[in-house]
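Data first, discussion second: the structure below is written as structure tokens.
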Amino acid sequence: MTISDKIRVYELSRDLKLENKDILDAAQKLSISVKSHSSSMSLEDAKKIKNLIRNGNSGKKIISVSKSSFKAANEQQNNIDNQNKDSNSRSKPLNKEKPSKESLNKKPLLNKPVNKEENSLISSNKKNTAKLKNPNPPSRISNLQSQVLPNSHNKTQHTIKTKNPNEKKNSTKIVQEKKSLNNNSPLRTKSPARPPIQLIEKPKNLTTSNKDIKANKKNDNSLNQRPQQANRLNNNNNFPKKNINNPRIKNTPELVGAPIRREDPKINSNRQNSNSRQPPSNIQASPNRPVIPNRQVTPNRPSNPNRQGVSNRPGGGQNRQGVPNRPGSPYRPGNPNRQGMSNRPGVGGQNRQGAPNRQGSPYRQGDPNRQGGNYRQGDLNRSGSKFNNQNPSGIRKPVAPNELMQLQKTNASDKEKLNRSNFEKQKVEPPKQKAKAPNSRLNASPTAKKTPHRSFTNNSKKPGRSDWDDSAKLEALRNKNPQKQRQKVHIIGENDDSLTSETSGYSGEKVSILSASLARPKKEKSEEPKSQKTTRQFKKKNKETTRQRQKRRAMELRAAKDAKQVRPEMIIVPEDNLTVQELADKLSLESSEIIKSLFFKGITATVTQSLDLATIETVAEEFGVPVLQDDVEEAAKKTVDMIETDDIESLIKRPPVITVMGHVDHGKTSLLDSIRESRVASGEAGGITQHIGAYQVEFEHESKKKKLTFLDTPGHEAFTAMRARGTKVTDVAVLVVAADDGCRPQTLEAISHARAAKVPIVVAINKIDKEGASPDRVKQELSEKDLIAEDWGGDVVMVPVSAIKKQNIDKLLEMILLVSEVEDLQANPERLAKGTVIEAHLDKAKGPVATLLVQNGTLKAGDVLAAGSVLGKIRAMVDEHGNRIKEAGPSCPVEALGFSEVPTAGDEFEVYPDEKTARGIVGERATDARATKLAQQMASRRVSLSSLSTQANDGELKELNLILKADVQGSVEAILGSLEQLPKNEVQVRVLLSAPGEITETDIDLAAASGSVIIGFNTSLASGAKRAADSNNVDIREYEVIYKLLEDIQSAMEGLLEPDLVEESLGQAEVRATFAVGKGAIAGCYIQSGKLQRNCSLRVLRSDKVIFEGNLDSLKRSKDDVKEVNTGFECGVGCDKFSTWNEGDIIEAFKFVTKKRTLNK
């Protein structure tokens, strides 16, 4: 159907009763852009095509059924003719027409003017034609000419109209040749019998081929697309004579099945530029069509005598012999008798490189269907190929089957139409399968064998088979595994010697012409190999063999081992625990070394097990690496960080917060005491600092009183807690180093703390009054840690002091003030308070108590604040003097009461305007804090639990299971902290549940199942809990004082210990006489001290040496058995296992008693 003013190609072909290819070729001649049978064109373009075809046909029919049947009859006769012609052609010499080197190396355009040599060949062909007497010559050459020359004849009728200059130059010669050929051949010869070995009888064949060509005009797209081949046919008309005389021609490899490439736009453009196209009139297949000008044809090609159906293949055909005008192409006699070539315009002809008459090429054998053993099986008698668009004679295209079929792959509708038209024309040959290359030819020689790699063509069946009329079978054959068929054909095409050197030449250009009207197959062809190649590469890239994997692993292990040979100077432990693998990485050791070290210390561990800080320090010291606790590498939330944009207008200077750090033996505490005592003499009380860990002093500097806030960090407890929370409250760090000891591991730790807080460091070199003090040595050691003194050109202030003699204390304070002034410390006292919790504890009378350091704003009594996950409302505040105050400004330490729980040291606190807002924030923080704490507790217990399991296997482990319930979370944490301080060498305390609140029935059930004791601290029992405890025999202990609770728990732990057996002396006796009784003996003794008891243990001493130790089995006094004998009495002593008594032996009587063990032992 037409679309507005347009018409489809297949509609036009149906109207004109032509093939789609004919219409597409005509459109290409007229430069009308159409791509496939479904492309549309304007009605004007359609009229042009109609006029072109009608003018070319000159009123003749395109195809008739009678010609198809006539063609089939000719094909049967040609089989016999081919065999005879082959035998004649073998006896003819082939070397007469060997092209010159110059002409072989020179590869002209396909439409090349006929040279002299070709003219001579044409004239010789004419002579041969004149000799023919029989109108039906059996020769293959005549058959080839009959299928090619009429087309050429028809085209020469229009050479006067052509725009190609080459055609005009050669038109005279071609017209003459046409006349000679037509005069020698009748118009239509239907004679079924032909003389057997008449090789040069062209006239009959010419006439027949003219009719055949007219019948196959629909299929003659290749002729129109490749006018160059017609020129070759024309120029090669004189070749048959020499070919017949050349015996090698028969076996010359003919490039009949050359693999055709997909159409390349560059090749196509070159083809259009280089090929001198025929005018539109050349499209029509006239029965009297002469050889196309400039198309050199080898009419007498003895190497392919039996190839029928060549008339429709202008590029191939009878005249494909030596190809004299193909420069550089030797004789390739391996494909001599390939039939069905003339209908392939892009391959046949004398100018085709790698053509059958390549001189010097050996015979290619091994293809069964090549006559004489030298013919390519897949190319000999391929007939009726729908791609070749030939008449029913069974002519086969000369290109490689896989290439051409993929190029000419059409959709289903095209295939049906082409198959239908071919079937109507031939009646005997079914349409060819789309993806299968023709495997056998109908007219193959009797001795030809079928190549197993070739797929069957439509003529592989006998003509007239009724089963080929079934369209379903045809469709099934067309769609049957085309990829495999293409692969098979492609392999044969690659092995074809006639294609290897010339596949990139004119054959490629001809392919582009053949596929000009079929864009879809080209797409499939180009995409399939690419996708396969990509997939193959992807799989190959991602696949790693076992050998490669082992090699890569070995290289990685070697590199890791090389990297671990350098030991670090120190290691930093994050959050006080590391796994074995992490510790090995930090120490640059193998994990097996760490496990071995732990094993020798009695600890069984795996690479994923966590180690506590003490264990890490022990292992690291063994390898000579000091251990430092990790600093949280995040910005310190100092006062300036707590200042908001609204505070800028109200900022004032605030006192600095100074933290004193250093090794415990370097006088840190003494220096703090010295500063406090000097201020006490001035009337400033500082006793409160013993409780809150922070205090504030005044110092006169430049006639002004300056306040300094000192943060006491004994044992690094408060400071470590703050670092763990990522909070830094220090403005200036004072590093105390002993002049007689130098830098110690804790000194390095203090430096690390200060650097993590990003605060300035002031070094106090203490103990300068002692003998052996060397401040310069301390400066040298500190310079190695990048702390360079000012007098050495650095920026670190170092002050030599003596805490005992109070030397340079004022100078130290002055330097601290100078450094703090450089820091420009400011705060806004008019806003709500923000700060940090320095210390927190649970007081018996006051409840949870926290020491707060206000960093910004003013803290007032009654404020609602949130400290971490703890909510509080300030009920009272106490300053460093112990006085109650109502408010505290920036940098002021206070002791605050009123928290719901004991807050965590190091948490930040912030005052909120109302309690509701504070509660919402506290609830979110509490959830996160509990999850974090649980993870830390589980991590810290891994090693101890592992070692405990080993002890339990040995029967040495005792456990006390507890369930702890308290009034508030602060009490729970305080009790848990105290329990951690108890000795755990032999008895472990396992707290299965710890939570604030009352004791419930659920707690009773858990205790009954686990055998635990319930500890209640300042809490009560829920209803029903007491009854459940009595029924389950669960022990509940309630306490109000933490000390009593800890004493009872310690006593319970000691009760789990095995008691000690202690030897207790009873008395001593001396042996004064012996009496033999039966087999034994009795010793008469005198009790010197103490007493003897029956069944007690005794020890016999002789000359101060123990000769026997056992039990006292018999004790008598005057023949009476008694239980004991006291001092001053005589008695008889008998032992079952000892009878060698001597006078003077000493008997020591004793017994073993149990003694309760304590946890301290």
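Cβ atoms are placed via backbone N, Cα and C, with glycine included.
A quick note: this is a predicted structure, and the numbers were derived from the prediction, not measured.
Residues 766-769 are the range that Swiss-Prot records as region 'G4', among 766-769, 1018-1021, 1110-1113.
Swiss-Prot assigns the feature region 'G2' to one of the listed ranges (687-691, 777-781, 807-811), namely 687-691. Annotated by Swiss-Prot as region 'G3', the relevant range among 676-679, 712-715, 1088-1091, 1116-1119 is 712-715. Per Swiss-Prot, the stretch carrying the note region 'G1' among 662-669, 702-709 is 662-669.
On the 0 to 100 pLDDT scale, the model's mean across the region 'G4' (766-769) is 84. Sequence-distant contacts of GLY662 (GTP binding site), defined as residues of its own chain at least six apart whose C-beta falls under 8 angstroms from its C-beta, comprise LYS668, VAL734, LEU735, VAL736, VAL737, GLN746, THR747, ALA750, ALA764. For the binding-site residues shown (ASP665, LYS668, ILE768), fewest C-beta neighbours within 10 angstroms: ASP665.
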